[in-house]
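Novice: Just dropping this structure here.
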């Protein structure tokens, strides 16, 4: 992704803070946004039904007990594909 693009995703994941040095040069410093700002953005773009599905999905993902890395990747990919397919149907 190019730096010049101005998308909601880049706005929500990083905040550009421009500071002036003593010599007058401008430098950009990337800061992490606050978690509440990210959550507000997420709540605005998600419907209540979509948010509920996402919460259920992550609770199931977090409940996995020490799976091997390969099986974890397989289960997550299957779940994610199923979740995305259901989103398109609904």
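Heads up, the Cβ atoms here are built off N, Cα and C, so glycines get one too.
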Novice: Of the residue ranges 42-64, 65-87, which one carries the region 'Mitochondrial targeting sequence' annotation in Swiss-Prot?
Specialist: 65-87
Novice: Mean pLDDT for the region 'Mitochondrial targeting sequence' (65-87), as a whole number?
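Specialist: When the pLDDT values over the region 'Mitochondrial targeting sequence' (65-87) are averaged, the result is 73.
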